[in-house]
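Structure, as structure tokens:
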Amino acid sequence: MEQTFIMIKPDGVQRGLIGEVICRFEKKGFTLKGLKLISVERSFAEKHYEDLSSKSFFSGLVDYIVSGPVVAMIWEGKNVVLTGRKIIGATNPAASEPGTIRGDFAIDIGRNVIHGSDSVESARKEIALWFPDGPVNWQSSVHPWVYET
């Protein structure tokens, strides 16, 4: 089953949106396979966003991620990467549809509440970085109610 990495950024944590984010993924039918609240070290944030290191906003992005705790999660389910991105909304909240996390809770691109893997390959890399011991091995009892066998 496909997995994705989702991170509630410091603004989402500070604003008390952790439960709301988890609720949206659970209500969709996805299974939480890993969860931790963590204060991110600068070098770790730089590694996570290394593909953006040449961008002018990189330093500010790293400053933002280390400014407070984040919630790192692994979610599992059919097409969870693509569907997770739809639940999250566009990177720029101004372009996010109402009903998405960013459409409902974010205004500024620099404080857009949440990160989600943009591909299956990115998800694998991010999960390996944030959860080196891997996900929790369990299956939800609602699995048969979400997926056809």
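Any Cβ shown, glycine's included, is placed from N, Cα and C.
Listed by Swiss-Prot as binding ATP are LYS9, PHE57, ARG85, THR91, ARG102; the candidate from ASN112, ASN137 that the record includes in that site is ASN112. Between the candidate binding-site residues, THR91, ASN112, the densest Cβ environment within 10 Å is the one around ASN112. The recorded positions recorded for this entry are LYS9, THR91, ARG102, HIS115, and the Cα of HIS115 lies nearest to that of MET1 (N-acetylmethionine).
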